[in-house]
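*Asks:* Annotated Zn(2+) 1 binding site per Swiss-Prot: 62, 64, 181, 252, in sequence order. The Zn(2+) 2 binding site annotation in Swiss-Prot covers 66, 67, 252, 312 and is backed by similarity to another entry. Annotated active site, proton acceptor per Swiss-Prot: 66, in sequence order, evidence recorded as similarity to another entry.
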């Protein structure tokens with residue numbers, strides 16, 4: 001099963017000609033999950049090899065404009081490109097409290113009717129995720145008879161696990177964890193479940209299992225009885241299960257809240273972490289709830305992440321290929337700062353339209 005990550009926007013604060021606003025797509029067997037949707041994400045999608053109509057889930061890390069102002073426009077474009085009638089499952093949208101009302105009000109005010117259903121699941125933050133003066137309560141928002149009620153889940157922190165369970169299906173488990181930022185922010189851990197090992201052809205022959213339907217049953221975990229009365233169990237003929245992959249994507253932060261993030265990101269195959277400013281501006285980064293390469297690398301080291309990708313760069317840091325003379329030194333320095341913490345383990349600097357494959361574990 002193929003799996004890859006495409007960066008649509010790798011810049012902080014606003015989109016620019018060299019870096020789009022925050023947006024990352026995790027693609028698995030053609031299905032696409034979008035993480036953050038900054039302004040201009042839909043045009044970035046059009047420039048990429050991805051199809052907006054393949055998006056089935058959207059995860060918003062926090063409610064700063066450079067991470068979700070592109071969402072209403074993207075939903076409208078998907079609707080316009082879908083024709084008049086669409087038979088599809090609802091697009092599942094996950095994000096902090098307030099996201100449901102934002103989308104609903106945007107559609108109401110613009111008289112927009114989407115041709116597909118969508119459901120918004122809201123994560124309830126805790127008071128320690130941001131400075132106390134920045135914590136907002138949404139109970140004051142005016143409600144009308146037509147306000148969205150009962151649409152999607154309201155997801156509370158599992159205090160024991162220190163995380164939020166968002167998805168748990170046949171293939172994946174997705175959980176969110178708390179980050180510290182100027183407003184409540186979240187990170188997401190996507191874990192592929194173990195898959196049954198391949199059939200051992202030699203053992204099948206040795207045990208006299210005839211090719212055909214019996215192979216399929218054994219592969220699916222069902223025992224079969226041969227004509228001679230012998231029962232063959234799946235564990236008799238299956239190789240070891242294939243360990244699933246783990247991708248972790250963090251929103252804006254100057255640190256994690258609690259131990260949920262460390263536990264969920266432990267030994268991640270791919271860890272995507274913001275690095276808005278270089279280490280010389282660490283105090284400024286912390287003041288604004290952001291990270292530097294050293295901070296990101298320290299978290300990756302704590303989690304024993306196999307690969308660290310830095311993103312969400314200040315627009316002053318131009319991609320190497322687009323930098324003018326002298327500008328490339330700044331972005332290269334970010335890599336050096338992170339690699340110094342990770343003892344020269346390779347660090348990747350994300351660029352718009354960069355694609356990173358996550359190979360199946362052997």
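Even glycines carry a Cβ here, placed using N, Cα and C.
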*Asks:* Could you round the CA separation between residue 62 (Zn(2+) 1 binding site) and residue 312 (Zn(2+) 2 binding site) to a whole angstrom and send it over?
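*Replies:* So the Cα of residue 312 (Zn(2+) 2 binding site) lies 14 Å away from that of residue 62 (Zn(2+) 1 binding site).
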*Asks:* With a radius of 8 angstroms around the mean position of the C-beta atoms of 66, 67, 252, 312, what other residues of the same chain does the Zn(2+) 2 site pick up?
*Replies:* 12, 13, 21, 22, 36, 38, 61, 62, 64, 251, 274
*Asks:* Which has the fewest other CB atoms in a 10 Å radius around its CB: 66, 252, the listed binding-site residues?
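*Replies:* Counting other Cβ atoms within 10 Å of each of the binding-site residues 66, 252 gives the minimum at 66.
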*Asks:* With every protein chain in view, how many other Cβ atoms are within 10 Å of the Cβ of residue 64 (Zn(2+) 1 binding site)?
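*Replies:* For residue 64 (Zn(2+) 1 binding site), the count of other Cβ atoms within 10 Å is 22.
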*Asks:* Apart from 62, 64, 181, 252, which residues in this chain have a Cβ no more than 8 Å from the mean position of the Cβ atoms of those residues at the Zn(2+) 1 site?
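*Replies:* Apart from 62, 64, 181, 252, the close residues are 61, 63, 67, 179, 182, 183, 184, 185, 251, 253, 289.
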*Asks:* Which of the three DSSP states, helix, strand or coil, fits residue 181 (Zn(2+) 1 binding site)?
*Replies:* coil
*Asks:* Distance between residue 312 (Zn(2+) 2 binding site) and residue 181 (Zn(2+) 1 binding site) at the Cα atoms, whole Å?
*Replies:* 14
*Asks:* Please list residues from the chain of residue 181 (Zn(2+) 1 binding site) whose Cβ is under 8 angstroms from its Cβ, counting only those at least six apart in sequence.
*Replies:* 62, 129, 130, 251, 252, 253, 254, 289, 290
